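Swiss-Prot has this to say about the protein:
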DNA_BIND  173-192  DNA-binding region
DOMAIN    2-119  domain 'Response regulatory'
DOMAIN    149-214  domain 'HTH luxR-type'
MOD_RES   ASP53  4-aspartylphosphate
Amino acid sequence: MKIVIADDHAVVRTGFSMILNYQEDMEVVATAADGVEAYQKVLEHRPDVLILDLSMPPGESGLIATSKISESFPDTKILILTMFDDEEYLFHVLKSGAKGYILKNSPDEQLILAVRTVYQGETYVDMKLTTSLVNEFVNQSQTDEVSSSSDPFKILSKRELEILPLIAKGYGNKDIAEKLFVSVKTVEAHKTHIMTKLNLKSKPELVEYALKKKLLEF
């Protein structure tokens, strides 16, 4: 099987490549350092499996890349690399098209098993993350049942519409302030208004919302 590895740390790309290339049925055909490059490598090589770091540089997050790549290349199975502090993102990435999750500090044998599992079209989730994932699924299902049919997106101001995709892409308040020539306090105020108006509770929910509204493009 052909594999592409996307991670912003060179040591991870190199280490995982060595482990997987040692397997007779696996070949790492390319690596990438961010979401944009990952998309380009998948377009070029059409791999069977993409191993994708969830925590990517600002503007090219793993959550955004997962949605874009799974939509454009449904035959490429996406295996997410994650850390414990990324647990809140797991349910959202699953909804975006990922086939599995594995912790970066997992043993080599577990990585190999995860790759083979998603390659076969099955879902692989690290046991340490399963409870968190199930709880998030239950909470999200309950939220969906009581969600309003009205669209609060229409009441966002022009400035809030500018700031929303930047927040979703991972830019910090200072970076956004510099881009839009406003103060950091202004950005913080707009961010609060956006979260309140859209009834969003976390950054992953905001990213998912931005993806649904097609506000994020490579």
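Any Cβ shown, glycine's included, is placed from N, Cα and C.
Residues 58, 157, 159-160, 162-163, 166-167 of the same chain lie 6+ residues outside the DNA-binding region (173-192) yet bring a C-beta within less than 8 angstroms of a C-beta in it.
Secondary structure at ASP53 (4-aspartylphosphate), as computed by DSSP, is strand. Secondary structure of the domain 'HTH luxR-type' (149-214) per DSSP, as helix, strand and coil residue counts: 47 helix, 0 strand, 19 coil. Its Cβ placed at the centre, the residue listed as '4-aspartylphosphate' has 27 other Cβ atoms within 10 Å.
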